[in-house]
């Protein structure tokens, strides 16, 4: 997720005393630093054209899936639930990130040719998506916990509170992504492709370690603990209760946690190993460095895939989304109204009984 910025005439002073062989938040060492690195990389990147194809597929799937999610939620004004609002914001975050994927894909082949302004903008969108997406997932788990375990929506049903929570998530995400906006720019150097990267002056090493800790804590560990706590108690309640749709609810909840872990756990484990190596807790060798660099490239792709899987997890699994989409198609005369399910309702998140929602 990081790129590199520096003036070519400040190379030695800028990197004095820092290990040049390894820093990357989600990618390997920029090409123009390879000659200065103490370790000669065996293979620093996955085949770039393969990565471009993956980015293109994720872009198309995310664009289509998240657009449909937003369309169905916006059409469902009457029965829109709290979780619908969170899903709307989640789809928006993933959609904004998807719009940057063509630029990132092009940079994999040609280097960064888009200038400093786009360097800052697309990097900011990528960081904001990273933070806001996972924080919204945590909010959804809290909403499910309150609805099923405590059978209440007294707090979360207040519209002004839900809007405040969503605005707070966007604000916090922008705050956490602010260093990217401040420090990223484009660097041009002889004999290598231009790149988009951070430039933090003489304190680059210390700042980067701080920025490494932030995404691991706020972007993964804290939301994961919240999700495990909320969904753990939710599953226990569903096992004890006699709810008609509890098996469907359990499948959806398991899918939520499983996909989240599959997409983000490998990357964060590799990132943790990389952090321990930088702080000398784990001895660094060239072989270990090369393995971690390749692992960061591979596991980053899993994280990117999560943005196009969200519509499948939170919408397509639920029949209410399909009903809502069919209603939109019927309204515009694309299908017959006779094909609509009789129990089709505006909200696609799940079925409710009283104050308790039993599916995601």
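A Cβ is built for glycine as well, from the same backbone N, Cα and C atoms used for every other residue.
On a predicted model such as this, the values are computed, not experimentally measured, just so you know.
Noted in Swiss-Prot for the protein shown:
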- 119-196: disulfide bond (DISULFID)
- 22: N-linked glycosylation site (CARBOHYD)
- 347: phosphoserine (MOD_RES)
- 351: phosphoserine (MOD_RES)
- 352: phosphoserine (MOD_RES)
- 353: phosphoserine (MOD_RES)
- 1-48: topological domain 'Extracellular' (TOPO_DOM)
- 76-84: topological domain 'Cytoplasmic' (TOPO_DOM)
- 106-120: topological domain 'Extracellular' (TOPO_DOM)
- 143-163: topological domain 'Cytoplasmic' (TOPO_DOM)
- 184-208: topological domain 'Extracellular' (TOPO_DOM)
- 232-251: topological domain 'Cytoplasmic' (TOPO_DOM)
- 274-294: topological domain 'Extracellular' (TOPO_DOM)
- 316-360: topological domain 'Cytoplasmic' (TOPO_DOM)
- 49-75: transmembrane segment (TRANSMEM)
- 85-105: transmembrane segment (TRANSMEM)
- 121-142: transmembrane segment (TRANSMEM)
- 164-183: transmembrane segment (TRANSMEM)
- 209-231: transmembrane segment (TRANSMEM)
- 252-273: transmembrane segment (TRANSMEM)
- 295-315: transmembrane segment (TRANSMEM)
The transmembrane segment (209-231) vs the transmembrane segment (85-105): 3 or more CB pairs under 8 Å: no
So, three-state DSSP: helix, strand or coil for residue 196 (disulfide bond)? strand
Checking the disulfide-bonded residues 119, 196 for other Cβ atoms within 10 Å of each Cβ, the smallest tally belongs to 119
Return the average pLDDT for the topological domain 'Extracellular' (1-48) as a whole number. 45
